[in-house]
């Protein structure tokens, strides 16, 4: 598998414009990225632009704080699927995890998994920069129990992004059959290679073209 096919080509900034989405989807077609990862408002346009392409549309749920109710997250998933999303990246209820309310964390994830079942792949963002190692392990274990397809490090909107150490811990926790996505601060081919070596099977990056081409990102960011 090429590196491009492991990348979710990402544009999640709040000021993203239609022109930028059109560029993003054009680049996804050209380079063969796994997906474009966009905010829900851009799912329909992205799906239209990628009709017939190998790249699919990924969107974000309960993003970036994870503090919506399970019911709201489930509605977001259904709406996104209706608009053409094939993958959804949801943020867990981080406060509930901190409170050791594992039942709520699991119910929250299950609501998304159930809403997406058979229609969209689910990635669970645990926001590693806010968690202890014990919490990272517990979050991954709950996500697997709830039926996720992937666990993911970060939103890119908090205090830190992906590290090889966190990827290795997540991979060790979920085993070989669940995907692990590194996201947040992954900007170069060398960054990607470190993440893959640690156990990542998907990369979230706004610098997808620079990573594949070997050029420096025009404007580095966290996404």
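Placed from the backbone N, Cα and C atoms, the Cβ positions cover glycine too.
Annotated features, as they stand in Swiss-Prot:
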type	residues	note
ACT_SITE	89	active site, proton donor/acceptor
ACT_SITE	152	active site, schiff-base intermediate with acetaldehyde
ACT_SITE	181	active site, proton donor/acceptor
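Projection of Swiss-Prot feature records onto the structure.
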| residue | record | DSSP (3 states) |
| --- | --- | --- |
| 89 | active site, proton donor/acceptor | strand |
| 152 | active site, schiff-base intermediate with acetaldehyde | strand |
| 181 | active site, proton donor/acceptor | strand |
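If you take the C-beta of residue 181 (active site, proton donor/acceptor) and look for same-chain residues 6 or more apart in sequence within under 8 angstroms, you find 8, 89, 123, 150, 151, 152, 153, 200, 201, 202, 203, 204. If you draw a 10 Å sphere around the CB of residue 152 (active site, schiff-base intermediate with acetaldehyde), it holds 29 other CB atoms from the protein chains shown.
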